[in-house]
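Peer 1: One structure coming up, written as structure tokens, with questions to follow.
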Amino acid sequence: MPGRPSLAGRSLLLVLRPISGMGGGGSALKVCADHRGGINWLSLSPDGQRLLTGSEDGTARLWSTADGQCCALLQGHESYVTFCQLEDEAAFTCSADCTIRKWDVLTGQCLQVFRGHTSIVNRILVTNNQLFSSSYDRTARAWNVDKGQVSQEFRGHRNCVLTLAYSAPWDLPGAPCMEEALAGGLLVTGSTDGTAKVWQVASGCCHQTLRGHTGAVLCLVLDTPSHTAFTGSTDATIRAWDILSGEQLRVFREHQGSVICLELVNRHVYSGSADRTVKCWLADTGESVRTFAAHGHSVSALKYHAGTLFTGSGDARARAFDAQSGALRRVFRGHAFIINCIQPEPLGSPALSLPPRPPGTFPGSPAPRPGAPDAPRSPAFPAERNGRFEKPLSHRLLFWQIVRL
């Protein structure tokens with residue numbers, strides 16, 4: 001399996017399980033160390049009963065959230081797994097080997113290999129029997145989930161495509177002049193070329209190019225009812241866009257470092273930054289209403305759950321804040337390096353995925369193949385030494401119990 005630099009981060013993940021109760025603080029329930037390499041991503045099944053992890057060791061694993069036991073080992077990738085998504089009946093993984101794989105969640109058997117990308121596949125999104133992918137090869141692609149074939153290729157970015165989001169056709173306006181163009185929905189992609197693009201899925205045509213950022217677009221979220229995309233960038237701003245017209249609606253300025261992750265909840269935008277803070281903004285006006293401090297390093301992961309904002313940081317700690325007051329309620333210790341992912345276990349509702357850690361943005365992220373475009377590194381993270389990061393890989397999965405905050 002091809003090697004890559006050792007990690008200062010991208011090696012650990014944290015699962016937070018909220019339960020009701022009284023008193024006490026966060027306590028680790030279980031440490032799972034079956035992977036032989038760092039864990040890059042996790043995904044929770046819609047029913048909350050299984051967890052999927054993708055690792056540096058080239059494998060993915062399925063875990064029971066009830067007891068933390070490994071249920072299946074998914075082997076077949078020829079390089080490290082960059083991202084994963086778990087559905088009810090199938091698991092999906094993508095890799096630096098340029099492929100995407102579909103797996104049977106009961107047997108662990110590989111059901112389909114999706115081939116076509118020519119460089120690292122950064123992220124995948126499975127919805128409505130379609131699979132969307134983004135890659136270092138400067139393209140995004142749409143695939144037929146059942147056949148494993150490319151149904152559309154989206155070309156136009158001048159550098160690697162990091163993040164993506166999809167708006168289904170029934171979420172878009174039904175104006176007669178737009179019906180054909182929007183028949184397959186709209187795909188929104190963010191790139192290190194400093195732009196986001198809106199694509200017509202049915203035709204593959206670029207519908208709009210969203211220009212305004214002066215740095216790489218690291219993350220994006222969609223508000224489908226208002227047809228608005230929010231993008232976060234290394235230029236320290238968040239920008240709101242009308243994805244139909246391409247108009248820039250608002251610029252959110254207050255961060256002093258790269259905007260690494262975004263979460264949209266109840267007309268509020270939460271942003272995690274390399275400036276060690278999370279900010280809460282009014283989505284409709286761009287007004288900053290709250291700052292969550294106390295982090296010792298960049299904020300690399302965000303998740304809102306039931307009035308609590310969970311954050312993961314480069315200081316290897318997770319934190320729980322009261323989302324309304326901004327008060328710090330808990331600090332969770334136990335990891336050694338940067339926390340990439342936080343996933344509260346939902347109580348009777350589907351889980352939401354977090355934006356991926358863009359390759360090349362954080363220490364230990366995938367190195368492009370020769371000739372592939374470079375991605376910027378965040379200045380908030382330690383510099384490489386002779387092209388390598390000195391800290392060793394770590395590969396633990398931690399389950400935590402959180403009593404009522």
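Using N, Cα and C of the backbone, Cβ positions are placed for all residues, glycine too.
Curation does not apply to TrEMBL; its annotations are automatic.
Feature table excerpt (TrEMBL):
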SIGNAL    1-28  signal peptide
REPEAT    32-73  repeat 'WD'
REPEAT    74-113  repeat 'WD'
REPEAT    114-153  repeat 'WD'
REPEAT    184-209  repeat 'WD'
REPEAT    210-251  repeat 'WD'
REPEAT    252-291  repeat 'WD'
REGION    349-386  region 'Disordered'
COMPBIAS  353-373  compositional bias 'Pro residues'
Peer 1: Quick one: DSSP breakdown of the repeat 'WD' (114-153) into helix, strand and coil?
Peer 2: 0 helix, 25 strand, 15 coil
Peer 1: Using a Cβ cut-off of under 8 Å, list the residues of the same chain at least 6 residues beyond the repeat 'WD' (74-113) that approach it.
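Peer 2: Counting only partners 6 or more residues beyond its ends, the repeat 'WD' (74-113) has Cβ contacts under 8 Å with 1-2, 4, 37, 40-47, 50-62, 119-126, 131, 133, 135, 137, 143, 145, 148, 353, 356, 359, 366.
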Peer 1: Over the span of the repeat 'WD' (252-291), count residues by DSSP class, listing helix, strand and coil in order.
Peer 2: 0 helix, 24 strand, 16 coil
